[in-house]
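Participant: If you look up Swiss-Prot, you'll see Gly11, Ser12, Gly13, Lys14, Thr15, Thr16 marked as ATP binding site, on the strength of sequence analysis. For 3-198, the entry in Swiss-Prot reads domain 'DPCK'.
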Amino acid sequence: MKIVGITGGIGSGKTTVCRYLKELGVNIIDADEIGHRVLQNKGIRTKITDVFGNEVMNPDGNINRKILGELVFGYPERLERLNKITHPLIEQAISSLLEEYRQKGIKSVAIEAPLLVEAGWLKLVNEVWLITAPKESIFKRLHSRMGLSREQAIARIQSQATDNERLKYASVVVNNNCRFEDLKACVQLLAKERLELA
């Protein structure tokens, strides 16, 4: 089974690339989506409130990701503490899904993980595709998609590895500075060359 790690900074276009791969029959594992589910785990919620206080809880008992994000992004030590709580469970969930796909005879899987390098998940993949985009495009996406101010966007960007840091692990670099149809054509070509498609 071929396992590709799709990584890159926030707003670079990882999800779009994965959507195109999914259209080609590649199974997608979204590490952020798993991370959101992990936050619903009662034990994890308790650990998070022990570290960050009850203000990160919604009245319904779930973690308020917006408040938690404001507490950790821009504060590397806090972010590291949060990641130490959540990353082991996220990795465990990804590994379980990969094993399930292996048993089903799935040929190709892409793991969408912005923190693939930082979290130490390179061991889970056969190769890394780095998605990059111009800074201004990223700021616009983060503002329109998440309502982040420029300062909030910068804090999130700075909490992740840089493209240069990720580059040393990348087998493929996809520069997302083009039209959607050009990006799609690029992904289709890469998938045909590097993945086993059904």
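Using N, Cα and C of the backbone, Cβ positions are placed for all residues, glycine too.
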Participant: Residues other than Gly11, Ser12, Gly13, Lys14, Thr15, Thr16 within 8 Å, Cβ to Cβ centroid, of the ATP site?
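Facilitator: Not counting the recorded site residues, we get Gly8, Val17, Ile131, Ala133, Arg141, Asn176.
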Participant: Taking DSSP as the reference, which of helix, strand or coil describes Lys14 (ATP binding site)?
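Facilitator: The three-state answer is helix.
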